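Engineer: TrEMBL lists these features:
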- 259-301: region 'Disordered' (REGION)
- 12-34: transmembrane segment (TRANSMEM)
- 69-93: transmembrane segment (TRANSMEM)
- 105-124: transmembrane segment (TRANSMEM)
- 130-151: transmembrane segment (TRANSMEM)
- 158-175: transmembrane segment (TRANSMEM)
- 181-200: transmembrane segment (TRANSMEM)
- 381-401: transmembrane segment (TRANSMEM)
- 407-424: transmembrane segment (TRANSMEM)
Amino acid sequence: MDSSILDSLGVEIIGVMSPVSVCMLLVVLLVYSLSSATSSAASGTIRTAANLVYLESPSDSATQKLEGALLNALVFIVLISIVTFVLVLLYYYNFTNFLKNYMRFSAFFVLGTMGGSIFLSVIQHFSVPIDSITCFLLLFNFTVVGVLSVFSNGVPIFVRQAYMVVLGIIVAAWFTKLPEWTTWVLLVALAVYDLVAVLAPGGPLKLLVELASSRDEELPALVYEARPVVSRGPGTRGSNLGLLVGGVSEAGNVELQAVSQDNRNKSDEEVGNLANEEGETSPLMPNLRGRPTSSSGSSEYSVVDVRLDRGAQFGNGESEIVVDEEMSPLVDMLEFGGDREQTRGEIPEASTGTSRGIKLGLGDFVFYSVLVGRAAMYDLMTVYACYLAIISGLGCTLILLSVCHRALPALPISITLGVVFYFLTRLLMEPFVVGTSSNLMMF
């Protein structure tokens, strides 16, 4: 079991770290490209939900900036908490359609207005020759396709993932316009809030996850899904894996053996004949009659029908387990995180449970990128340090996720390491490197 966890953990980590890295890279490029234009055009700081109380001014003292940043962060956290609890109440009372429409409107607003503003800034900065009608049509099509891609099931998973990354880039680019002190205090406050909201007994995010898991539904939120691709053995072709014959030995290990498509009818007949031979009910298949044990007397078999939908061609690789009338205890023993799971062939561990891999909230993308974008406003050395710190923290979080098998906050470790490495690099490492380089002691 340990080897299987380690084997799959690398794929899961890469599947999550790759879009996070792309999001941070594009935010850094946007900040570098548009920083001169925004600094010259923005004479005053815009007021948002993150700086409702205090507008930072360069003439203010450090004490005033710190106090104002603390007030802004406190108000922002309170607003987020209220909104999250309202969403939990709506989901608890089954206002699911309202929540879905609200998320569609939010995605449309972010892509259309905030993304359109960034798009116009890029056009003006690089002097792209385009007329207003073409620009409007491009932006409208981009927005509509984005909303449909994020909330529709018939869209390739790659397109959905790409638009989720785009949403994170747009929101993060707007958050980088906040003043410096407010940004750093807000990042620390959000890391603490994420820790409490996910792990505390009455935390809103914990309640939301528990409600969704109890109803066996998707989270009513914008979540990036790193779905693993189902790998197929050399003998399996097409979109149908056929039958899987699962045997439970006396040692308690679960073994899956693929049956070829040519032998499917023969297997069905054998199972039907065996179901009529004895009167006892099999502990594996309650709706089938028991069958005799094999010649060694060490295994019993049940039949589980596994089908792959056509979405596997696009990379989501979801498998569907069909068991007639009642759920077989074999399926229960194959749930994700079972201690006795041992599979043969190319069948993923969580194929009978959650086959969608690790999920990362859109807010994690946003605030990782905000931290790196803020570091990009100072120096590239701080960007490298913050990026390595964030990726290291995310890796630690994913390792803890594979051990704990429960929902964990993704912000605390990464944000803490990123903030610490930023100030260490800015206050200690950069003066040392610049001093040694200027004195020709290091090249």
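Cβ atoms are placed via backbone N, Cα and C, with glycine included.
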Engineer: What stretch of 12-34, 69-93, 381-401 shows the most Cβ pairs under 8 Å to the transmembrane segment (158-175)?
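Structural biologist: Most contacts with the transmembrane segment (158-175): 12-34.
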Engineer: Answer yes if the transmembrane segment (181-200) and the transmembrane segment (407-424) have at least three CB pairs under 8 Å among residue pairs 6 or more apart in sequence, and no otherwise.
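Structural biologist: Between the transmembrane segment (181-200) and the transmembrane segment (407-424), contact is present.
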Engineer: Looking only at residues six or more beyond either end of the transmembrane segment (69-93), which have a C-beta under 8 A from one in the stretch?
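Structural biologist: Cβ under 8 Å, 6 or more out: 49-54, 56, 99, 179, 181-182, 184-186, 188-190, 193, 197, 204-205, 207-208, 211-212, 220.
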Engineer: Which listed range (105-124, 130-151, 381-401, 407-424) shows the maximal number of Cβ pairs under 8 Å with respect to the transmembrane segment (12-34)?
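Structural biologist: Looking only at 105-124, 130-151, 381-401, 407-424, the most contacts with the transmembrane segment (12-34) come from 381-401.
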Engineer: Under a criterion of three or more Cβ pairs within a distance under 8 Å and sequence separation of at least 6, are the transmembrane segment (130-151) and the transmembrane segment (381-401) in contact?
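Structural biologist: Not in contact, no.
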